[in-house]
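In what follows, a structure is listed as structure tokens, so that the remarks can point back to it.
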Amino acid sequence: MIDSAHMVLMVATVLFALGLVGVLTRKNVVFMLISVEIMLNAAGLAFVAAGSKWQQPDGQVMFLFILAMAAAEVSIGLALVLQIYHQHKTLDVDRLKELRD
Amino acid sequence: MHQLLPYIPAFPILGFLVLSLFGRKLSKPVIATIGAGTVCLSALITIILGFSFLQTEPPGGVYDQLLWSWFSVGNLSVDIDLRVDALTLVFIFIITFVGALIHIYSAFFMWHDGDYARFFASMNLFVCSMLLLVMADNLVLMYLGWEGVGLCSYLLIGFWYEVPSNCRAANKAFLITRIGDTALLIGLFLLFKEVGTLNISGILHQAPDQFATGSSNIVLITILLLAGGMGKSAQLPLQTWLPDAMAGPSPVSALIHAATMVTAGVYLIARMHVLFQLSPVTMVIIAIIGALTLFVAGCSALAQTDIKRILAYSTISQIGYMFLALGVGAWSAAIFHFFTHAFFKALLFLAAGVVIEALHHEHNIFMMGGLRKRMPVVFITFLAGAAALSALPLVSAGFFSKDAILWYSFSAANGNPLLWLMALAGAFITALYTTRLMLVVFWGETRTPVHRQPGQGMVIPLVVLAFLSVTAGFIEWPHNMLHLTLFSAHVQKVLPETLLKTTLPSESLFQLIAALVTLAGVFLGYILYYGKPGIRWQQSPALAGIREFLFGGWKFDQLYNFLFVKPFVFITRINKSDVIDKMYNGIAQAGLRLNSWFSVSQNGSLRLYIVGVLAGILFIITLQLLL
């Protein structure tokens, strides 16, 4: 076993990359939101790993913050998704292009 | 007694504050009470002060009241300090007393105007500024009043601002007097640099030690001060604003453009007389300017048809007499002419206001006529004012003051027969145009019906002023008639006595000539205008050119237009896109260009935005790792 923190960081990187690819490739807004959640959790995992590496509670405290923020973000995001669906009858980001020059 | 001093300007400023802050909410009777009442209170205090001054003269001949220190920078400290000596007393008496009469008149004259409160607020502010101007103990405070009266003049000329020509007249008055004001300000700076104080009594005390008579410094300073006075007092070549200033309501013309503000230049020169005496060149210039102005303006008045413009030109001409008197060193005669002129010219403007009101705002004298029978009170008061203006011998105040100026323009040490001839010609012209005005307006046939008779409130000020126009001259008699020289004895507590030439012809001869010339002017006017309904001789083509020339005030406006306005407009036009403009235009152009480039990227695709954010993050991280 090389270094548990190192391994966890690798996992976090993979998770982040997965989330990013999801945001970039998915067409549906709901799935993009889920991908963003995955990226947030990857960042949280990195914090926890760093906390365990240095034997400090800060990492876990930060994760709690991220959880709370993610919850808030999702609630607003879902409300927006609902409204978008009400007004445009679609959730395809490639068709939601009204805000352009 | 000196504790009373601050209340004189304080009441009008209080009236101004109340009217300008709460004017819209107050009813008209309340506004009139505040507006006219505050000035009446000031007049009352001034009269009490004047009595105590005349009974027991204060130590040094000065009431002095230090209120507070205004500011103090380096070795310059400026106080708010009020000071009343014999000269100031004459001015504050005229400002508050004539001012109070005009305010009472205005309360009735302006009754139907929508902006009643604004009118009285401006008038009160004017009275306060004018009082500060003459009561100031130092030149900075005086300059504050000086600018204050300029501002109020601007506000009141443009009082009926819905008419564009009124706004143009207000702008013109403000801009032209500003030329003089700037010169005055530079003069004050120079004076401070040379003397090191701006306290008036300090300057007058130190100047004789500081400056050699006729040295270039003092000549420059006095000429700059004179330029300031010329702007405010509408003397050649800065006189063109006053006839246009008649766009304001008649009480404004009476108060500001006849009795008080336009004589600020006379006050300035009389106040700084020590400086001017040190510079004989400037004195000669003042006398020449006065003589030219009184002649030029008098000729212009001959050709005018607007009743108020005639009076405006006659005001310029009468102030020309005052300047002439100052220039020849007849200080007390100049102030005496100011004193009588304030009464009769205010009276003439107020009476003209009544006539204009009664005839449906008709200004053209040839549309009036026959008012003698139909408005008898106005006729009699106007007659008293006109007699004083044309200086009818012995029965008018104007005679005593103007005769003194005529006599001194010849006999004073600086006097000159040429100046006397100019003044005499001016007296002839004055009598001629005054007779023309009287005969055309009050005799002859009715051309416009009278639709409203003036009320009691307007008649009483007229009667008081008419009484004073006849009697105010009796306090100062020529030396060869009666030994009664109350006025000059009073003023000469401050101003030096007039120096006379050593050998002189008889004064009585000069008085006889002056009286005959005046009567000749009246007689010529009578021949030309009495009972001539068509006034056919005026239409002759030979005279049309001259009349046109005089009607336009010797074409000074066109001259200035040609000399200053046109070249200025030309330069600004060719300089419209200069280097600095190019820089600012370039910034705007670059902004537009960048916008058109980058707005392509705003295409609404969320994915592209995310890629952009990602690229940015990668760029920053890479940079962080590399450095």
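Just so you know, glycine gets a Cβ as well, placed from its N, Cα and C.
As recorded in TrEMBL, the features of this protein are as follows:
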- B:70-120: domain 'NADH-Ubiquinone oxidoreductase (complex I) chain 5 N-terminal' (DOMAIN)
- B:136-429: domain 'NADH:quinone oxidoreductase/Mrp antiporter transmembrane' (DOMAIN)
- B:6-23: transmembrane segment (TRANSMEM)
- B:30-54: transmembrane segment (TRANSMEM)
- B:86-109: transmembrane segment (TRANSMEM)
- B:116-135: transmembrane segment (TRANSMEM)
- B:173-192: transmembrane segment (TRANSMEM)
- B:212-231: transmembrane segment (TRANSMEM)
- B:252-270: transmembrane segment (TRANSMEM)
- B:310-328: transmembrane segment (TRANSMEM)
- B:334-356: transmembrane segment (TRANSMEM)
- B:420-443: transmembrane segment (TRANSMEM)
- B:455-475: transmembrane segment (TRANSMEM)
- B:509-529: transmembrane segment (TRANSMEM)
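By the count of Cβ pairs under 8 Å, the stretch nearest in packing to the transmembrane segment (B:86-109) among B:6-23, B:212-231, B:455-475, B:509-529 is B:455-475. Across the domain 'NADH-Ubiquinone oxidoreductase (complex I) chain 5 N-terminal' (B:70-120), the prediction's mean pLDDT works out to 89. Long-range contacts of the transmembrane segment (B:310-328) within the same chain, counting only residues at least 6 positions beyond its ends with a Cβ under 8 Å from a Cβ of the stretch, are 233-236, 239, 242-243, 245-246, 253, 257-258, 262-263, 265-266, 269-270, 276, 283-295, 297-298, 300-301, 304, 334, 337-338, 341, 345, 348-349, 352, 365, 389, 402, 404-405, 408-409, 412-416, 419, 422-423, 426, 429-430, 433-434, 437, 553. With a cut-off of 8 Å between Cβ atoms, the residues of this chain six or more beyond the transmembrane segment (B:334-356) that come close are 87, 90-91, 94, 98, 101-102, 105, 109, 249-251, 253-255, 257-260, 263, 266, 270, 307-308, 311, 314-315, 318-319, 321-323, 325-326, 362-363, 368, 371, 375, 378, 381-382, 384-386, 388-389, 396-398, 400-402, 404-405, 441, 454, 458, 461-462, 465-466, 468-469, 472-473, 476, 487-488, 491, 495. Remote same-chain residues near the transmembrane segment (B:116-135) are listed as 5, 8-9, 12-13, 15-16, 19-20, 23-24, 26, 28, 31-32, 34-36, 38-39, 42, 82-84, 88, 91-92, 95-96, 99, 103, 106, 110, 141-142, 144-149, 151-153, 155-156, 159, 249, 251-252, 255-256, 260-261, 264, 267 (criterion: CB distance under 8 Å, separation of at least six residues from the stretch ends).
Helix, strand and coil content of the domain 'NADH-Ubiquinone oxidoreductase (complex I) chain 5 N-terminal' (B:70-120), in residues and according to DSSP, is 29 helix, 13 strand, 9 coil.
Same-chain residues lying 6 or more positions outside the transmembrane segment (B:30-54) and placing a CB less than 8 Å from one of its CB atoms are 1, 4-5, 7-9, 11-12, 14-15, 18-19, 23, 63, 84, 86, 89, 92-93, 96-97, 99-100, 103-104, 106-107, 116-117, 119-121, 123-124, 127, 131, 490. Contact between the transmembrane segment (B:252-270) and the transmembrane segment (B:420-443) is not supported, since fewer than 3 Cβ pairs fall under 8 Å when only residues 6 or more apart in sequence are counted.
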